[in-house]
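Notes to accompany the following structure.
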(Lines of atoms letter the chains of each structure in order from A and count residues from 1; the text may use other names and numbers.)
(Lines give C-alpha, C1' and ligand atoms only; values in the text may rest on other atoms or scores of the structure.)
Protein backbone atom coordinates (compact mmCIF):
# COMPACT_ATOMS: atom_id res chain seq x y z
CA UNK A 1 0.00 0.00 0.00
CA UNK A 2 2.77 2.37 0.98
CA UNK A 3 4.79 1.72 -2.14
CA UNK A 4 1.65 2.19 -4.23
CA UNK A 5 0.94 5.66 -2.85
CA UNK A 6 4.58 6.48 -3.41
CA UNK A 7 4.27 5.40 -7.01
CA UNK A 8 1.09 7.45 -7.48
CA UNK A 9 2.87 10.45 -5.99
CA UNK A 10 5.75 9.98 -8.42
CA UNK A 11 3.23 9.80 -11.21
CA UNK A 12 1.80 13.13 -10.15
CA UNK A 13 5.15 14.88 -10.14
CA UNK A 14 6.61 13.20 -13.21
CA UNK A 15 5.01 15.45 -15.86
CA UNK A 16 6.38 18.59 -14.21
CA UNK A 17 9.78 16.99 -14.11
CA UNK A 18 9.60 16.10 -17.81
CA UNK A 19 8.49 19.53 -19.01
CA UNK A 20 10.99 21.38 -16.81
CA UNK A 21 14.07 21.16 -19.09
CA UNK A 22 12.12 22.76 -21.89
CA UNK A 23 10.64 25.54 -19.80
CA UNK A 24 13.93 26.14 -18.01
CA UNK A 25 15.91 26.62 -21.21
CA UNK A 26 13.05 28.40 -22.90
CA UNK A 27 12.47 30.76 -20.01
CA UNK A 28 16.12 31.57 -19.58
CA UNK A 29 17.06 32.07 -23.22
CA UNK A 30 13.86 33.11 -24.98
CA UNK A 31 11.25 34.45 -22.59
CA UNK A 32 13.63 36.38 -20.35
CA UNK A 33 15.40 38.08 -23.28
CA UNK A 34 12.06 39.10 -24.80
CA UNK A 35 10.88 40.65 -21.53
CA UNK A 36 14.26 42.15 -20.71
CA UNK A 37 14.35 43.73 -24.17
CA UNK A 38 11.27 45.70 -23.13
CA UNK A 39 13.21 47.15 -20.18
CA UNK A 40 16.28 47.87 -22.31
CA UNK A 41 14.08 49.72 -24.80
CA UNK A 42 13.37 52.28 -22.07
CA UNK A 43 17.06 53.05 -21.49
CA UNK A 44 19.89 54.64 -23.44
CA UNK A 45 22.07 51.57 -22.98
CA UNK A 46 24.90 51.23 -25.48
CA UNK A 47 28.02 49.07 -25.73
CA UNK A 48 30.05 49.32 -22.50
CA UNK A 49 28.09 52.41 -21.57
CA UNK A 50 26.04 52.91 -18.42
CA UNK A 51 22.31 52.65 -18.86
CA UNK A 52 19.98 55.48 -17.92
CA UNK A 53 16.23 55.18 -17.82
CA UNK A 54 14.87 57.50 -20.49
CA UNK A 55 11.23 56.43 -20.68
CA UNK A 56 9.76 56.44 -24.16
CA UNK A 57 12.54 58.50 -25.73
CA UNK A 58 13.69 55.67 -27.98
CA UNK A 59 10.14 55.03 -29.14
CA UNK A 60 9.69 58.67 -30.11
CA UNK A 61 12.90 58.45 -32.09
CA UNK A 62 11.88 55.19 -33.80
CA UNK A 63 8.66 56.79 -35.03
CA UNK A 64 10.70 59.54 -36.69
CA UNK A 65 13.31 57.22 -38.18
CA UNK A 66 12.91 56.96 -41.95
CA UNK A 67 14.80 53.67 -41.99
CA UNK A 68 12.23 52.21 -39.62
CA UNK A 69 9.49 53.04 -42.12
CA UNK A 70 11.62 51.55 -44.90
CA UNK A 71 11.79 48.29 -42.95
CA UNK A 72 8.06 48.35 -42.27
CA UNK A 73 7.23 49.03 -45.90
CA UNK A 74 9.66 46.37 -47.12
CA UNK A 75 8.16 43.79 -44.78
CA UNK A 76 4.70 44.48 -46.20
CA UNK A 77 6.00 44.48 -49.79
CA UNK A 78 7.75 41.17 -49.18
CA UNK A 79 4.57 39.70 -47.71
CA UNK A 80 2.74 40.61 -50.90
CA UNK A 81 5.51 39.47 -53.23
CA UNK A 82 6.32 36.22 -51.42
CA UNK A 83 3.19 34.70 -49.89
CA UNK A 84 0.91 34.36 -52.95
CA UNK A 85 3.47 32.82 -55.34
CA UNK A 86 4.82 30.53 -52.66
CA UNK A 87 1.37 29.24 -51.78
CA UNK A 88 0.25 28.84 -55.38
CA UNK A 89 3.37 26.91 -56.40
CA UNK A 90 3.33 24.77 -53.26
CA UNK A 91 -0.39 23.98 -53.63
CA UNK A 92 0.07 23.12 -57.26
CA UNK A 93 2.93 20.74 -56.56
CA UNK A 94 1.25 19.07 -53.63
CA UNK A 95 -1.99 18.49 -55.56
CA UNK A 96 -0.05 17.11 -58.51
CA UNK A 97 2.06 14.80 -56.36
CA UNK A 98 -0.93 13.43 -54.47
CA UNK A 99 -3.08 12.97 -57.58
CA UNK A 100 -1.51 9.59 -58.27
CA UNK A 101 -1.04 10.60 -61.90
CA UNK A 102 2.57 11.67 -61.83
CA UNK A 103 5.38 9.11 -61.50
CA UNK A 104 8.62 9.53 -59.51
CA UNK A 105 6.80 11.24 -56.63
CA UNK A 106 9.62 10.49 -54.18
CA UNK A 107 12.30 11.96 -56.43
CA UNK A 108 10.29 15.12 -57.12
CA UNK A 109 9.59 15.57 -53.44
CA UNK A 110 13.28 15.33 -52.60
CA UNK A 111 14.42 17.68 -55.40
CA UNK A 112 11.89 20.34 -54.43
CA UNK A 113 13.01 20.05 -50.83
CA UNK A 114 16.70 20.61 -51.72
CA UNK A 115 16.54 24.43 -51.61
CA UNK A 116 15.27 24.25 -48.03
CA UNK A 117 18.31 22.31 -46.87
CA UNK A 118 20.83 24.62 -48.58
CA UNK A 119 22.67 27.06 -46.30
CA UNK A 120 21.34 30.57 -46.74
CA UNK A 121 24.89 31.85 -47.12
CA UNK A 122 25.29 29.63 -50.18
CA UNK A 123 21.91 30.69 -51.50
CA UNK A 124 22.83 34.38 -51.20
CA UNK A 125 26.21 33.84 -52.82
CA UNK A 126 24.92 31.78 -55.76
CA UNK A 127 21.97 34.03 -56.54
CA UNK A 128 24.36 36.98 -56.33
CA UNK A 129 26.38 35.44 -59.16
CA UNK A 130 23.36 34.32 -61.19
CA UNK A 131 21.86 37.83 -61.00
CA UNK A 132 25.12 39.66 -61.67
CA UNK A 133 24.56 42.82 -63.74
CA UNK A 134 27.12 42.22 -66.49
CA UNK A 135 27.72 38.52 -66.74
CA UNK A 136 25.03 36.83 -64.70
CA UNK A 137 23.19 33.85 -66.14
CA UNK A 138 19.83 35.54 -65.72
CA UNK A 139 20.65 38.62 -67.77
CA UNK A 140 22.36 36.54 -70.45
CA UNK A 141 19.34 34.27 -70.64
CA UNK A 142 16.86 37.17 -70.82
CA UNK A 143 18.86 38.75 -73.65
CA UNK A 144 19.22 35.51 -75.57
CA UNK A 145 15.50 34.89 -75.33
CA UNK A 146 14.86 38.44 -76.48
CA UNK A 147 12.82 39.25 -73.37
CA UNK A 148 14.84 42.36 -72.58
CA UNK A 149 17.35 44.34 -74.62
CA UNK A 150 18.94 46.17 -71.71
CA UNK A 151 20.78 44.37 -68.98
CA UNK A 152 18.91 44.71 -65.72
CA UNK A 153 20.89 45.91 -62.73
CA UNK A 154 19.21 43.36 -60.47
CA UNK A 155 21.16 44.06 -57.32
CA UNK A 156 21.66 47.79 -57.77
CA UNK A 157 18.12 49.12 -58.07
CA UNK A 158 15.35 48.99 -55.46
CA UNK A 159 12.64 47.31 -57.58
CA UNK A 160 14.73 44.54 -59.11
CA UNK A 161 16.53 44.02 -55.79
CA UNK A 162 13.20 43.30 -54.11
CA UNK A 163 12.30 40.92 -56.93
CA UNK A 164 15.55 39.02 -56.40
CA UNK A 165 15.06 38.80 -52.63
CA UNK A 166 11.48 37.57 -53.10
CA UNK A 167 12.54 35.05 -55.72
CA UNK A 168 15.28 33.71 -53.48
CA UNK A 169 12.86 33.37 -50.58
CA UNK A 170 10.14 31.70 -52.62
CA UNK A 171 12.73 29.42 -54.17
CA UNK A 172 14.07 28.44 -50.78
CA UNK A 173 10.77 27.74 -49.04
CA UNK A 174 8.24 26.52 -51.62
CA UNK A 175 9.35 22.91 -51.23
CA UNK A 176 8.92 23.08 -47.48
CA UNK A 177 5.49 24.66 -47.85
CA UNK A 178 4.57 21.96 -50.36
CA UNK A 179 5.40 19.30 -47.76
CA UNK A 180 3.03 21.03 -45.32
CA UNK A 181 0.26 20.94 -47.93
CA UNK A 182 1.12 17.33 -48.82
CA UNK A 183 0.64 16.45 -45.18
CA UNK A 184 -2.69 18.26 -45.16
CA UNK A 185 -3.96 16.66 -48.36
CA UNK A 186 -2.90 13.18 -47.24
CA UNK A 187 -4.98 13.75 -44.12
CA UNK A 188 -8.19 14.44 -46.06
CA UNK A 189 -10.53 11.46 -46.09
CA UNK A 190 -10.57 9.59 -49.42
CA UNK A 191 -14.30 9.04 -48.98
CA UNK A 192 -14.96 12.72 -49.62
CA UNK A 193 -13.35 12.43 -53.03
CA UNK A 194 -15.04 9.12 -53.81
CA UNK A 195 -18.44 10.49 -52.91
CA UNK A 196 -17.91 13.55 -55.08
CA UNK A 197 -16.72 11.31 -57.92
CA UNK A 198 -20.06 9.53 -57.76
CA UNK A 199 -21.82 12.89 -57.91
CA UNK A 200 -19.88 13.68 -61.07
CA UNK A 201 -17.68 16.45 -59.68
CA UNK A 202 -14.74 17.53 -61.83
CA UNK A 203 -11.17 17.61 -60.50
CA UNK A 204 -11.31 21.39 -60.35
CA UNK A 205 -14.57 21.30 -58.39
CA UNK A 206 -13.04 18.77 -56.01
CA UNK A 207 -10.07 21.08 -55.49
CA UNK A 208 -12.32 24.10 -54.93
CA UNK A 209 -14.91 22.47 -52.65
CA UNK A 210 -12.98 19.70 -50.86
CA UNK A 211 -9.21 20.21 -50.93
CA UNK A 212 -9.11 23.96 -50.32
CA UNK A 213 -11.61 24.09 -47.43
CA UNK A 214 -10.07 21.03 -45.75
CA UNK A 215 -6.63 22.63 -46.01
CA UNK A 216 -7.72 25.73 -44.10
CA UNK A 217 -5.79 24.96 -40.87
CA UNK A 218 -2.60 24.23 -42.79
CA UNK A 219 -3.16 27.35 -44.90
CA UNK A 220 -3.56 29.46 -41.78
CA UNK A 221 -0.36 28.01 -40.35
CA UNK A 222 1.58 28.59 -43.58
CA UNK A 223 0.34 32.17 -44.08
CA UNK A 224 1.04 33.17 -40.48
CA UNK A 225 4.53 31.67 -40.35
CA UNK A 226 5.46 33.10 -43.75
CA UNK A 227 4.25 36.54 -42.69
CA UNK A 228 6.37 36.46 -39.56
CA UNK A 229 9.19 35.08 -41.70
CA UNK A 230 9.08 38.22 -43.87
CA UNK A 231 10.09 40.29 -40.87
CA UNK A 232 13.02 37.94 -40.25
CA UNK A 233 14.47 37.94 -43.78
CA UNK A 234 18.16 38.58 -43.25
CA UNK A 235 20.70 35.90 -44.22
CA UNK A 236 20.18 35.81 -47.97
CA UNK A 237 19.99 39.57 -48.66
CA UNK A 238 22.85 40.13 -46.22
CA UNK A 239 24.96 37.83 -48.41
CA UNK A 240 23.54 39.28 -51.64
CA UNK A 241 24.31 42.88 -50.78
CA UNK A 242 27.28 42.74 -48.42
CA UNK A 243 28.79 39.44 -49.46
CA UNK A 244 31.17 40.11 -52.32
CA UNK A 245 33.12 43.22 -51.56
CA UNK A 246 30.17 45.59 -51.55
CA UNK A 247 28.48 46.69 -48.36
CA UNK A 248 25.04 47.96 -49.22
CA UNK A 249 23.39 47.86 -45.82
CA UNK A 250 19.74 47.12 -46.46
CA UNK A 251 20.29 46.78 -50.20
CA UNK A 252 19.96 49.61 -52.76
CA UNK A 253 18.17 52.56 -51.16
CA UNK A 254 17.22 50.35 -48.23
CA UNK A 255 14.91 48.29 -50.44
CA UNK A 256 15.77 45.00 -48.72
CA UNK A 257 16.07 46.35 -45.19
CA UNK A 258 13.88 44.16 -42.99
CA UNK A 259 13.13 44.33 -39.27
CA UNK A 260 15.87 41.89 -38.36
CA UNK A 261 18.41 43.70 -40.50
CA UNK A 262 17.49 47.07 -39.02
CA UNK A 263 17.91 45.73 -35.48
CA UNK A 264 21.16 44.05 -36.46
CA UNK A 265 22.52 47.24 -37.95
CA UNK A 266 21.59 49.43 -34.99
CA UNK A 267 22.84 47.05 -32.34
CA UNK A 268 25.65 45.02 -33.84
CA UNK A 269 26.66 47.15 -36.78
CA UNK A 270 28.45 50.42 -36.38
CA UNK A 271 26.21 51.92 -33.71
CA UNK A 272 25.87 49.44 -30.80
CA UNK A 273 22.73 51.16 -29.53
CA UNK A 274 21.11 48.47 -27.36
CA UNK A 275 18.29 50.67 -26.09
CA UNK A 276 17.32 52.00 -29.49
CA UNK A 277 17.54 48.58 -31.15
CA UNK A 278 15.28 47.15 -28.45
CA UNK A 279 12.69 49.84 -29.06
CA UNK A 280 12.70 48.99 -32.78
CA UNK A 281 12.21 45.32 -31.89
CA UNK A 282 9.19 46.15 -29.75
CA UNK A 283 7.49 48.46 -32.24
CA UNK A 284 7.96 45.82 -34.92
CA UNK A 285 6.69 43.17 -32.53
CA UNK A 286 3.48 45.14 -32.02
CA UNK A 287 3.17 45.65 -35.76
CA UNK A 288 3.58 41.92 -36.51
CA UNK A 289 1.09 41.02 -33.76
CA UNK A 290 -1.43 43.40 -35.27
CA UNK A 291 -0.98 42.11 -38.82
CA UNK A 292 -1.15 38.49 -37.60
CA UNK A 293 -4.30 39.19 -35.64
CA UNK A 294 -6.04 40.87 -38.58
CA UNK A 295 -5.01 38.05 -40.92
CA UNK A 296 -6.17 35.44 -38.46
CA UNK A 297 -9.55 37.14 -38.14
CA UNK A 298 -9.92 37.52 -41.89
CA UNK A 299 -9.05 33.91 -42.63
CA UNK A 300 -11.32 32.59 -39.91
CA UNK A 301 -14.17 34.81 -41.02
CA UNK A 302 -14.24 32.99 -44.35
CA UNK A 303 -15.04 29.81 -42.49
CA UNK A 304 -18.16 31.19 -40.86
CA UNK A 305 -19.72 32.21 -44.14
CA UNK B 1 3.55 4.15 -58.53
CA UNK B 2 1.98 3.68 -61.93
CA UNK B 3 4.15 2.69 -64.85
CA UNK B 4 5.08 5.20 -67.52
CA UNK B 5 3.45 3.14 -70.28
CA UNK B 6 -0.01 3.51 -68.77
CA UNK B 7 0.12 7.27 -68.48
CA UNK B 8 -2.74 9.43 -69.75
CA UNK B 9 -2.19 12.73 -71.62
CA UNK B 10 -3.10 14.56 -68.44
CA UNK B 11 -0.37 12.78 -66.55
CA UNK B 12 2.15 13.70 -69.22
CA UNK B 13 1.32 17.38 -68.81
CA UNK B 14 1.58 17.01 -65.04
CA UNK B 15 4.92 15.27 -65.39
CA UNK B 16 6.17 17.99 -67.72
CA UNK B 17 5.15 20.80 -65.38
CA UNK B 18 6.70 18.95 -62.45
CA UNK B 19 9.93 18.60 -64.44
CA UNK B 20 10.05 22.33 -65.21
CA UNK B 21 9.50 23.26 -61.55
CA UNK B 22 12.07 20.72 -60.44
CA UNK B 23 14.65 22.06 -62.87
CA UNK B 24 14.13 25.54 -61.46
CA UNK B 25 14.45 24.16 -57.95
CA UNK B 26 17.55 22.21 -58.86
CA UNK B 27 19.40 24.65 -61.14
CA UNK B 28 20.83 26.99 -58.48
CA UNK B 29 21.81 23.95 -56.46
CA UNK B 30 23.46 22.44 -59.51
CA UNK B 31 25.29 25.66 -60.29
CA UNK B 32 26.67 25.58 -56.76
CA UNK B 33 28.31 22.23 -57.54
CA UNK B 34 29.55 23.42 -60.92
CA UNK B 35 30.79 26.82 -59.76
CA UNK B 36 33.05 25.19 -57.20
CA UNK B 37 35.15 23.75 -60.06
CA UNK B 38 35.93 27.08 -61.76
CA UNK B 39 38.25 29.98 -61.15
CA UNK B 40 36.42 32.89 -59.54
CA UNK B 41 36.90 35.22 -62.52
CA UNK B 42 35.42 32.64 -64.90
CA UNK B 43 32.18 32.51 -62.93
CA UNK B 44 31.19 35.78 -64.54
CA UNK B 45 31.89 34.99 -68.19
CA UNK B 46 29.23 32.63 -69.46
CA UNK B 47 26.58 30.15 -68.39
CA UNK B 48 28.27 27.10 -66.95
CA UNK B 49 26.71 23.70 -67.35
CA UNK B 50 29.75 21.44 -67.22
CA UNK B 51 32.42 21.20 -64.52
CA UNK B 52 35.64 23.17 -64.92
CA UNK B 53 39.17 22.17 -64.01
CA UNK B 54 39.93 24.48 -61.10
CA UNK B 55 38.64 22.24 -58.32
CA UNK B 56 42.11 21.39 -57.03
CA UNK B 57 43.15 25.03 -56.79
CA UNK B 58 39.94 25.92 -54.97
CA UNK B 59 40.64 23.15 -52.52
CA UNK B 60 44.08 24.64 -51.89
CA UNK B 61 42.60 28.08 -51.24
CA UNK B 62 40.01 26.56 -48.98
CA UNK B 63 42.54 24.70 -46.89
CA UNK B 64 44.80 27.71 -46.66
CA UNK B 65 42.19 29.00 -44.23
CA UNK B 66 41.05 27.14 -41.15
CA UNK B 67 38.30 25.31 -42.99
CA UNK B 68 38.66 22.04 -41.06
CA UNK B 69 38.23 23.95 -37.81
CA UNK B 70 34.97 25.44 -39.11
CA UNK B 71 33.82 21.96 -40.04
CA UNK B 72 34.70 20.61 -36.63
CA UNK B 73 32.85 23.47 -34.89
CA UNK B 74 29.78 22.93 -37.04
CA UNK B 75 29.77 19.22 -36.22
CA UNK B 76 30.17 19.81 -32.47
CA UNK B 77 27.39 22.40 -32.44
CA UNK B 78 24.95 20.55 -34.68
CA UNK B 79 25.30 17.17 -32.97
CA UNK B 80 25.07 18.60 -29.44
CA UNK B 81 22.01 20.67 -30.28
CA UNK B 82 20.35 17.76 -32.03
CA UNK B 83 20.84 15.31 -29.16
CA UNK B 84 19.91 17.82 -26.49
CA UNK B 85 16.99 19.24 -28.46
CA UNK B 86 15.47 15.87 -29.28
CA UNK B 87 15.70 14.73 -25.65
CA UNK B 88 14.22 17.95 -24.26
CA UNK B 89 11.40 17.83 -26.83
CA UNK B 90 10.73 14.14 -26.19
CA UNK B 91 10.52 14.62 -22.43
CA UNK B 92 8.14 17.56 -22.71
CA UNK B 93 6.15 15.92 -25.49
CA UNK B 94 5.79 12.76 -23.43
CA UNK B 95 4.48 14.75 -20.47
CA UNK B 96 1.99 16.69 -22.60
CA UNK B 97 0.93 13.64 -24.55
CA UNK B 98 0.55 11.02 -21.82
CA UNK B 99 -0.08 12.69 -18.45
CA UNK B 100 -2.90 14.65 -16.95
CA UNK B 101 -1.65 17.49 -14.77
CA UNK B 102 -2.61 20.91 -13.53
CA UNK B 103 -1.78 23.83 -15.81
CA UNK B 104 -1.24 21.37 -18.67
CA UNK B 105 -3.43 23.26 -21.09
CA UNK B 106 -2.08 26.66 -20.14
CA UNK B 107 1.47 25.41 -20.55
CA UNK B 108 0.74 23.70 -23.85
CA UNK B 109 -0.98 26.75 -25.32
CA UNK B 110 2.00 28.85 -24.23
CA UNK B 111 4.26 26.47 -26.16
CA UNK B 112 2.09 26.88 -29.25
CA UNK B 113 2.11 30.66 -28.92
CA UNK B 114 5.89 30.78 -28.64
CA UNK B 115 6.12 29.03 -31.99
CA UNK B 116 4.90 32.33 -33.41
CA UNK B 117 7.48 34.55 -31.69
CA UNK B 118 10.84 34.69 -33.47
CA UNK B 119 13.92 34.92 -31.28
CA UNK B 120 15.00 38.05 -33.17
CA UNK B 121 12.66 40.08 -30.97
CA UNK B 122 14.74 39.35 -27.90
CA UNK B 123 18.14 39.30 -29.56
CA UNK B 124 19.45 42.45 -27.87
CA UNK B 125 18.83 41.17 -24.36
CA UNK B 126 19.99 37.72 -25.41
CA UNK B 127 23.40 39.09 -26.31
CA UNK B 128 23.65 41.08 -23.08
CA UNK B 129 22.68 37.93 -21.17
CA UNK B 130 25.36 35.96 -22.99
CA UNK B 131 27.88 38.60 -21.94
CA UNK B 132 26.84 38.20 -18.28
CA UNK B 133 27.20 34.44 -18.55
CA UNK B 134 30.61 34.80 -20.15
CA UNK B 135 29.25 32.82 -23.10
CA UNK B 136 30.09 35.39 -25.79
CA UNK B 137 32.63 33.97 -28.20
CA UNK B 138 31.98 30.40 -27.11
CA UNK B 139 29.91 27.72 -28.82
CA UNK B 140 27.46 27.45 -25.91
CA UNK B 141 24.91 30.05 -27.16
CA UNK B 142 24.66 28.01 -30.36
CA UNK B 143 24.10 24.73 -28.49
CA UNK B 144 21.93 25.27 -25.40
CA UNK B 145 19.30 27.91 -26.28
CA UNK B 146 18.16 26.29 -29.57
CA UNK B 147 17.57 22.99 -27.74
CA UNK B 148 14.28 24.33 -26.35
CA UNK B 149 12.24 24.38 -29.53
CA UNK B 150 8.48 24.86 -29.39
CA UNK B 151 7.93 23.08 -32.68
CA UNK B 152 9.86 20.09 -31.34
CA UNK B 153 7.65 19.88 -28.24
CA UNK B 154 4.47 20.24 -30.25
CA UNK B 155 5.62 17.59 -32.66
CA UNK B 156 6.68 15.09 -29.99
CA UNK B 157 3.39 15.64 -28.14
CA UNK B 158 1.38 14.67 -31.20
CA UNK B 159 3.56 11.64 -31.74
CA UNK B 160 3.65 10.49 -28.11
CA UNK B 161 -0.12 10.81 -27.78
CA UNK B 162 -0.81 8.55 -30.74
CA UNK B 163 1.95 5.94 -30.42
CA UNK B 164 2.58 5.13 -26.75
CA UNK B 165 -0.04 2.70 -25.43
CA UNK B 166 -1.34 3.43 -21.91
CA UNK B 167 -1.40 -0.30 -21.16
CA UNK B 168 2.35 -0.65 -21.64
CA UNK B 169 2.98 2.23 -19.25
CA UNK B 170 0.55 0.80 -16.71
CA UNK B 171 2.02 -2.68 -16.77
CA UNK B 172 5.50 -1.21 -16.37
CA UNK B 173 4.26 0.65 -13.31
CA UNK B 174 2.76 -2.51 -11.87
CA UNK B 175 6.15 -4.17 -12.36
CA UNK B 176 7.59 -1.41 -10.18
CA UNK B 177 9.11 0.71 -12.93
CA UNK B 178 9.64 4.36 -11.95
CA UNK B 179 8.47 7.23 -14.14
CA UNK B 180 11.99 8.15 -15.27
CA UNK B 181 12.84 4.61 -16.28
CA UNK B 182 9.51 4.39 -18.11
CA UNK B 183 10.71 7.39 -20.09
CA UNK B 184 14.13 6.00 -20.89
CA UNK B 185 13.26 2.32 -21.31
CA UNK B 186 9.79 2.41 -22.85
CA UNK B 187 8.97 5.83 -24.21
CA UNK B 188 12.21 6.57 -26.03
CA UNK B 189 12.09 3.36 -28.12
CA UNK B 190 8.48 4.11 -29.06
CA UNK B 191 9.47 7.60 -30.16
CA UNK B 192 12.33 6.45 -32.36
CA UNK B 193 10.73 7.28 -35.72
CA UNK B 194 9.95 10.74 -34.41
CA UNK B 195 13.58 11.12 -33.30
CA UNK B 196 14.84 10.69 -36.83
CA UNK B 197 12.58 13.33 -38.31
CA UNK B 198 13.01 15.86 -35.54
CA UNK B 199 16.72 15.13 -35.29
CA UNK B 200 17.14 15.88 -39.00
CA UNK B 201 15.36 19.21 -38.61
CA UNK B 202 17.39 20.17 -35.54
CA UNK B 203 20.59 19.22 -37.34
CA UNK B 204 19.59 21.20 -40.41
CA UNK B 205 18.61 24.34 -38.48
CA UNK B 206 21.77 24.24 -36.43
CA UNK B 207 24.09 23.43 -39.33
CA UNK B 208 22.74 26.26 -41.47
CA UNK B 209 22.33 28.82 -38.72
CA UNK B 210 23.95 32.14 -39.57
CA UNK B 211 22.38 35.02 -37.63
CA UNK B 212 23.24 34.01 -34.06
CA UNK B 213 26.79 32.79 -34.83
CA UNK B 214 27.35 36.09 -36.67
CA UNK B 215 26.45 37.95 -33.50
CA UNK B 216 28.05 35.88 -30.75
CA UNK B 217 31.27 34.63 -32.35
CA UNK B 218 34.27 36.86 -32.94
CA UNK B 219 37.24 34.49 -32.87
CA UNK B 220 37.99 33.04 -36.27
CA UNK B 221 38.87 29.57 -34.94
CA UNK B 222 35.39 29.24 -33.38
CA UNK B 223 33.49 30.02 -36.58
CA UNK B 224 30.98 27.55 -37.97
CA UNK B 225 30.94 26.81 -41.71
CA UNK B 226 28.55 29.55 -42.94
CA UNK B 227 30.35 32.18 -40.91
CA UNK B 228 33.83 30.96 -41.81
CA UNK B 229 32.99 30.91 -45.50
CA UNK B 230 31.64 34.42 -45.33
CA UNK B 231 34.85 35.49 -43.61
CA UNK B 232 36.80 34.12 -46.56
CA UNK B 233 35.61 37.07 -48.65
CA UNK B 234 37.27 39.60 -46.42
CA UNK B 235 40.36 37.63 -45.54
CA UNK B 236 42.51 38.19 -48.60
CA UNK B 237 40.34 38.49 -51.69
CA UNK B 238 36.76 37.81 -52.62
CA UNK B 239 37.32 34.31 -53.92
CA UNK B 240 33.75 33.29 -54.70
CA UNK B 241 34.64 29.94 -56.24
CA UNK B 242 36.56 28.80 -53.16
CA UNK B 243 33.73 30.06 -50.97
CA UNK B 244 31.24 28.09 -53.01
CA UNK B 245 33.40 24.98 -52.79
CA UNK B 246 33.41 25.35 -49.02
CA UNK B 247 29.64 25.66 -48.97
CA UNK B 248 29.29 22.67 -51.28
CA UNK B 249 31.38 20.55 -48.93
CA UNK B 250 29.37 22.03 -46.07
CA UNK B 251 26.12 20.98 -47.72
CA UNK B 252 27.15 17.38 -48.30
CA UNK B 253 26.49 15.99 -44.79
CA UNK B 254 22.99 17.44 -44.71
CA UNK B 255 22.35 16.25 -48.24
CA UNK B 256 23.45 12.70 -47.40
CA UNK B 257 21.28 12.63 -44.26
CA UNK B 258 18.29 13.87 -46.19
CA UNK B 259 18.80 11.48 -49.07
CA UNK B 260 18.90 8.58 -46.60
CA UNK B 261 16.06 9.73 -44.41
CA UNK B 262 13.88 11.73 -46.79
CA UNK B 263 11.18 9.07 -46.65
CA UNK B 264 11.22 9.15 -42.85
CA UNK B 265 11.22 12.91 -42.81
CA UNK B 266 8.27 13.45 -45.06
CA UNK B 267 6.26 10.53 -43.75
CA UNK B 268 7.23 11.56 -40.25
CA UNK B 269 5.88 15.02 -40.86
CA UNK B 270 2.81 13.47 -42.45
CA UNK B 271 2.10 11.27 -39.45
CA UNK B 272 1.32 14.03 -37.04
CA UNK B 273 2.54 17.56 -37.56
CA UNK B 274 0.35 20.48 -38.63
CA UNK B 275 -2.86 18.48 -38.43
CA UNK B 276 -3.47 19.91 -34.93
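Note: Cβ is positioned from N, Cα and C throughout, glycine not excepted.
Note: TrEMBL annotation is automatic and uncurated.
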*asked:* Labelled transmembrane segment by TrEMBL, one stretch among B:140-161, B:162-183. Can you tell me which?
replied: B:140-161
*Which residue range, B:55-74, B:75-94, B:195-214, is the one TrEMBL calls transmembrane segment?*
B:75-94
_Should anything in the same chain at least six residues away from the transmembrane segment (B:140-161) have a Cβ under 8 Å from its Cβ atoms, list it; otherwise answer none._
76-77, 80-81, 84-86, 88-90, 92-94, 96-98, 108, 111-112, 114-115, 119, 126, 130, 133, 187, 190-191, 193-194, 197-198, 201-202, 205-206, 209, 212-213, 216, 224, 271-273, 275-276
*Spatial neighbours of the transmembrane segment (B:241-261) far in sequence, C-beta under 8 Å, 6+ residues away*: 32-33, 35-40, 42-43, 54-55, 58-59, 61-62, 67, 70-71, 74, 196-197, 200, 203-204, 207-208, 225-226, 228-230, 232-233
